[in-house]
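Engineer: Structure incoming, see below.
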């Protein structure tokens with residue numbers, strides 16, 4: 001039987017890589033689009049700045065074709081290079097486009113001067129002039145910059161040009177991090193990163209671009225795979241460089257840290273919180289299939305090479321194999337662990353159709369019960385004695401209890417999945433609290449089949465105190481006191497039957513109070529079940 005299990009694991013690995021070997025035998029070439037890319041022929045600061053302004057206007061012009069805007073994006077992205085044309089020729093390898101690189105030696109009225117002469121060149125220059133005119137007319141006289149003085153600035157020294165180009169390119173590179181995964185909600189994170197570079201004095205806020213222009217550029221990045229491919233090639237290239245790098249290359253490399261692995265948070269969170277925590281729950285038979293899948297995906301990720309972190313940006317078809325829907329049980333368990341021990345994971349949207357509530361709660365419970373667990377291999381490397389290990393485990397348990405009491409709802413990601421409330425079950429709920437709603441669906445608290453009173457009375461105080469600590473004891477005592485108060489109210493209401501009006505009113509108030517008391521009782525029941 002061991003052979004079939006080994007073959008199953010090997011088959012998973014083969015299935016993940018199926019069809020990736022060999023070369024295509026059929027003619028799979030696609031139609032191409034011709035784009036014109038204007039690059040400076042010299043290092044003149046004045047020429048480069050005028051060409052930069054021209055590219056900014058083309059991208060915001062409503063009359064410019066998409067191919068024209070793509071060419072302008074290539075111009076802006078490569079402007080930091082000493083030889084932009086050589087950079088584009090060496091890195092551009094896109095079967096969807098045919099790049100025509102045009103060296104610009106001079107500018108007239110803000111447009112490049114064509115080297116060749118004749119009616120054709122004159123018509124092209126007139127077309128470029130119309131593109132600039134519509135860009136300025138559509139913006140009602142506004143410039144691409146927040147400070148309009150930057151648009152009319154005449155740059156003649158190289159230091160000012162470098163500062164301006166780095167600032168403009170930094171804003172473009174910041175856009176790519178969310179251009180594919182969340183373009184509609186990207187402004188907040190982009191603003192934080194821009195503020196970071198301003199605070200570090202790595203960019204000049206005088207050359208800050210308007211939000212309208214950034215929106216146009218973000219949309220272009222979302223639509224154009226060719227531009228993203230070129231940017232990814234630059235990211236891969238700048239990582240290969242040695243210790244001596246220019247300012248522009250350093251800031252591009254820094255932004256690349258945010259771009260890496262974009263769109264693959266579920267895969268890497270599963271590895272981090274599902275595997276590397278090494279909780280005993282991984283021994284469950286239900287997880288073995290997902291574990292084999294994750295193992296084969298990790299091997300495949302390594303085989304893809306340096307482009308693997310950017311597979312979502314590059315729209316590679318292999319990216320779908322890394323989606324959490326391929327290993328839903330292990331992912332659900334990992335998300336339960338993550339939302340319990342990592343505060344930053346509380347904001348991650350894990351409300352997916354393939355989320356398994358039972359394994360999500362199992363992850364939460366494992367993270368709580370195994371807080372303070374010690375890795376014996378690491379303890380042996382550090383030379384820790386048994387007393388030191390015990391003290392460390394006790395300290396972690398103590399701090400973990402305080403952390404959970406402080407903000408359980410935020411830490412454990414209380415949210416609605418499929419109309420059922422998950423997580424956050426071990427904190428007391430105010431009697432006046434309303435049921436939580438999310439995405440237009442009312443959350444439903446799980447029904448309890450076990451009697452509350454029987455469960456509360458069946459757990460000795462001593463066992464509860466030792467297993468769950470003081471917090472569990474107090475919660476159980478509160479539960480018992482509420483049950484006793486409820487019984488006293490029922491006895492009092494049964495004696496007030498002489499006056500029918502009073503009896504009816506008392507009965508209605510009692511039912512309303514009982515319903516309110518039931519919510520915290522159910523919540524405390526979750527707490528008892530989670531810790532006993």
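Glycine too: its Cβ is placed from the backbone N, Cα and C atoms.
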Engineer: In Swiss-Prot, the RNA site includes 193, 258, 352. Which of 178, 240, 245, 365 does it also list there?
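Structural biologist: Matched candidate out of 178, 240, 245, 365, per Swiss-Prot for RNA with 193, 258, 352: 178.
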Engineer: On average, what pLDDT score does this prediction assign to the region 'Ntail' (403-532)?
Structural biologist: 46
Engineer: Among all protein chains shown, how many Cβ atoms are found within 10 Å of the Cβ of residue 352 (RNA binding site), not counting that one?
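Structural biologist: Around residue 352 (RNA binding site), other Cβ atoms within 10 Å: 16.
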Engineer: If I restrict to non-local contacts, at least six residues apart, and a C-beta distance under 8 angstroms, what lies near residue 258 (RNA binding site) in its own chain?
Structural biologist: 177, 193
Engineer: I'd like the number of other C-beta atoms within 10 A of the C-beta of residue 178 (RNA binding site), please.
Structural biologist: 23
